[in-house]
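Presented below is the structure to which this report refers.
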């Protein structure tokens with residue numbers, strides 16, 4: 001699940017990074033990945049595994065706000081389960097407060113209410129048996145967890161103060177619009193964004209088609225129906241990329257990382273057609289008229305071309321005779 005979410009969010013993350021900071025950095029990317037892993041871990045720890053309805057065992061609840069305090073007062077030592085549970089519940093939400101300050105640029109009040117709101121949502125989800133999906137609660141509802149979780153978020157916000165202010169928040173960098181060197185890594189990121197965006201688009205269209213057959217037409221989707229949905233998805237995705245390239249001369253990935261191809265001797269209309277076919281457009285067509293193996297070979301060749309050509313011009317640069325540049329060069333001139 002976490003991997004799927006990461007793939008879906010990758011393109012928006014890159015786009016926002018280039019608009020606000022003019023680039024993506026390894027450090028900030030790692031922090032965002034850590035945040036994603038953390039939220040998936042919270043979901044997993046608090047709600048999963050989901051029990052089999054036939055084996056469901058209803059559990060109790062604690063509505064005594066100070067039960068944890070009394071448990072700690074009666075603890076036999078630092079290794080007592082009551083102490084360990086309290087420390088763990090605080091530590092569980094420390095990353096939340098940390099990410100709120102470092103990634104969101106918000107302070108203690110936001111961390112407090114975010115911690116409280118998240119904890120309340122989790123506890124209510126447990127109390128209601130996943131909002132009515134189960135007949136009763138399969139995990140213990142505990143109001144003390146709300147206090148300790150909220151305290152953890154506040155602690156995390158305080159800890160995040162060690163991160164220099166210039167590295168916090170979503171504020172735009174003063175040099176965000178300045179052109180930067182075109183590297184092969186940047187070209188690879190653009191290609192990955194194209195491939196991921198096209199894959200997500202194709203999957204959503206395919207899913208919508210399958211859902212239409214099952215929900216509206218009220219019959220199970222057979223192989224022929226699913227194949228038809230796949231073809232429709234490929235065609236629509238190809239049309240979307242064709243429109244973007246025809247209108248801008250760039251692909252979705254190039255728009256995201258602020259790249260474009262310039263120069264060459266071919267007419268503009270011919271260049272745009274070749275640009276489409278030398279990238280995701282060609283990949284989609286090969287999937288449409290052939291099998292996945294041919295499209296896979298095309299992808300490998302395109303990747304190698306990025307690695308062996310100057311500034312990662314790749315197949316688009318080779319077939320159009322153009323060079324790849326930062327699209328912000330004119331703006332800074």
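Keep in mind that glycine also has a Cβ here, set from the backbone N, Cα and C atoms.
Automatic, uncurated: that is what TrEMBL annotation is.
The DSSP breakdown of the domain 'VanZ-like' (36-162), given as helix, strand and coil counts, is 84 helix, 4 strand, 39 coil. Annotation comment: TrEMBL describes 36-162 as domain 'VanZ-like'.
The feature transmembrane segment is assigned by TrEMBL to 29-48 (among others). Outside the transmembrane segment (29-48), and at least 6 residues removed from its termini, the chain residues within Cβ reach (under 8 Å) are 1-2, 5-6, 9, 13, 92, 95-96, 99, 102-103, 118, 122, 125-126, 130, 139.
The transmembrane segment annotation in TrEMBL covers 82-104 (among others). If one looks beyond the transmembrane segment (82-104) by at least 6 residues along the same chain, the residues whose Cβ comes under 8 Å of a Cβ in the stretch are 31-32, 34-35, 38, 42, 45, 68, 71-72, 74-75, 110-111, 114-115, 118-119, 144-145, 148-161, 163, 167-170.
Marked as transmembrane segment by TrEMBL: 111-134 (among others). Long-range neighbours of the transmembrane segment (111-134) within the same chain, counting only residues 6 or more positions beyond its ends whose Cβ lies under 8 Å from a Cβ of the stretch, are 42, 46-47, 50-51, 53, 56, 61, 93, 96-97, 100-101, 140-143, 145-146, 149-154, 156-157.
Among the features that TrEMBL reports, transmembrane segment is placed at 146-163 (among others). Residues 65, 68, 86, 89-102, 107-108, 110-112, 114-116, 118-120, 122-123 of the same chain lie 6+ residues outside the transmembrane segment (146-163) yet bring a C-beta within less than 8 angstroms of a C-beta in it.
Taken from TrEMBL, the feature transmembrane segment applies to 188-214 (among others).
Under the heading transmembrane segment, TrEMBL lists 234-257 (among others).
What TrEMBL records for 269-286 (among others) is transmembrane segment.
Same-chain neighbours of the transmembrane segment (188-214): 7-8, 10-11, 14, 24, 220-221, 225-226, 228-230, 232-234, 236-237, 240-241, 251-254, 256-257, 259, 279-280, 283-284, 299, 302-303, 306, 312, 314, counting only residues six or more beyond its ends whose CB sits under 8 Å from a CB of the stretch.
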